Amino acid sequence: MKPGFSPRGGGFGGRGGFGDRGGRGGGRGGRGGFGGGRGGFGGGGRGRGGGGGGFRGRGGGGGRGGGFQSGGNRGRGGGRGGKRGNQSGKNVMVEPHRHEGVFICRGKEDALVTKNLVPGESVYGEKRVSISEGDDKIEYRAWNPFRSKLAAAILGGVDQIHIKPGAKVLYLGAASGTTVSHVSDIVGPDGLVYAVEFSHRSGRDLINLAKKRTNIIPVIEDARHPHKYRMLIAMVDVIFADVAQPDQTRIVALNAHTFLRNGGHFVISIKANCIDSTASAEAVFASEVKKMQQENMKPQEQLTLEPYERDHAVVVGVYRPPPKVKN
């Protein structure tokens with residue numbers, strides 16, 4: 001066997017790149033080593049059909065691989081990873097996705113994109129593509145489902161994300177702002193994103209992001225204590241949560257009771273291992289849904305994030321729905 005070759009997996013070390021969480025083949029490796037954060041240098045969805053962190057998603061034709069990266073390893077059945085994206089927009093069409101504010105870039109590879117609120121700026125080194133519409137040039141940013149749970153849910157076919165132009169969103173667990181930047185693109189200049197992050201190190205990145213994007217309001221505070229930042233945040237339409245804590249449903253509920261309007265919606269990303277690493281993922285998801293129901297949060301759909309994330313699910317629902325009027 002060749003050194004550094006793992007049987008099932010695109011690239012070095014199964015899922016993700018050169019070490020990124022180890023994957024099924026490589027040594028454990030820091031969470032991001034050479035792999036540029038989940039799904040890095042060639043590790044596509046769970047090693048099957050990698051193609052450079054595959055950007056192809058379940059929506060696009062073709063295998064799960066065939067990425068938007070340059071080159072990319074072959075993985076199993078994943079086509080070659082495609083050349084560098086079309087910077088100039090030759091032979092590229094952008095069409096609206098059914099979720100308002102989200103678009104699909106159709107070219108040699110299909111990719112999920114959002115309209116860049118700050119043209120000319122990349123947030124985390126993502127590809128950008130400019131499309132000429134009449135005299136104007138509109139710039140779109142590629143949205144990588146291996147680095148964003150929300151993009152993974154959209155490509156997985158989630159029915160509603162409730163995040164749309166003009167919406168006010170409370171984002172719990174904002175980290176460095178990778179997904180937050182795309183949410184900021186979607187809600188546009190008329191919307192707002194309150195981004196809550198406890199880590200000061202990630203918070204610095206978030207504050208720098210907010211300097212350029214005026215619709216992001218960074219809150220460097222613990223989401224367990226919403227009363228500490230209630231003076232900063234108005235009522236919101238949607239809560240998006242990616243906090244990966246054992247008591248995350250309680251954290252979301254506390255914030256919902258404080259900031260979410262009645263009839264507002266929530267989108268929660270659940271990582272089974274973070275809640276109970278001994279139970280099966282399905283059992284964990286079911287128990288979290290039960291907890292939500294006890295908090296006046298009514299789940300409407302649940303979706304696993306395969307092939308982008310292992311043992312993750314997204315639950316979308318409505319908070320304190322108005323009572324149905326009986327005729």
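Glycine is treated like the rest: Cβ placed from N, Cα and C.
Feature list (source: Swiss-Prot):
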- 7-80: compositional bias 'Gly residues' (COMPBIAS)
- Arg8: asymmetric dimethylarginine (MOD_RES)
- Arg15: asymmetric dimethylarginine (MOD_RES)
- Arg21: asymmetric dimethylarginine (MOD_RES)
- Arg24: asymmetric dimethylarginine (MOD_RES)
- Arg28: asymmetric dimethylarginine (MOD_RES)
- Arg31: asymmetric dimethylarginine (MOD_RES)
- Lys108: N6-acetyllysine (MOD_RES)
- Ser122: phosphoserine (MOD_RES)
- Lys127: N6-acetyllysine (MOD_RES)
- Ser130: phosphoserine (MOD_RES)
- Ser132: phosphoserine (MOD_RES)
- Thr178, Thr179, Glu197, Phe198, Asp222, Ala223, Asp242, Val243, Ala244, Gln245: S-adenosyl-L-methionine binding site (BINDING)
- Lys211: N6-acetyllysine (MOD_RES)
- Lys212: N6-acetyllysine (MOD_RES)
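Distribution of Swiss-Prot features across the structure.
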residue : record                               : contacts (Cβ under 8 Å, 6+ apart)
Thr178  : S-adenosyl-L-methionine binding site : Val123, Tyr124, Arg147, Ser148
Glu197  : S-adenosyl-L-methionine binding site : Gly173, Ala174, Ala175, Gly203, Leu206, Pro218, Val219, Ile220
Lys211  : N6-acetyllysine                      : none
Lys212  : N6-acetyllysine                      : Val118, Glu121
Asp222  : S-adenosyl-L-methionine binding site : Phe198, Lys228
Asp242  : S-adenosyl-L-methionine binding site : Lys149, Leu172, Gly173, Ala175, Thr179, Ser269
Proximal but sequence-remote residues of the same chain as Ser122 (phosphoserine) (Cβ under 8 Å, at least 6 apart): Arg128, Arg141
Around the Cβ of Ser132 (phosphoserine), the count of other Cβ atoms that are within 10 Å: 10
List nothing but the largest Cα to Cα distance in Å, as a whole number, among the residues Thr178, Thr179, Glu197, Phe198, Asp222, Ala223, Asp242, Val243, Ala244, Gln245 that the record says bind S-adenosyl-L-methionine. 19
The correct three-state DSSP answer for Ser132 (phosphoserine) is strand
Ala244 (S-adenosyl-L-methionine binding site): tally of other CB atoms within 10 A of its CB: 16
Hey, of the modified residues listed (Lys108, Lys127), which one tops the CB count within 10 A? Lys127
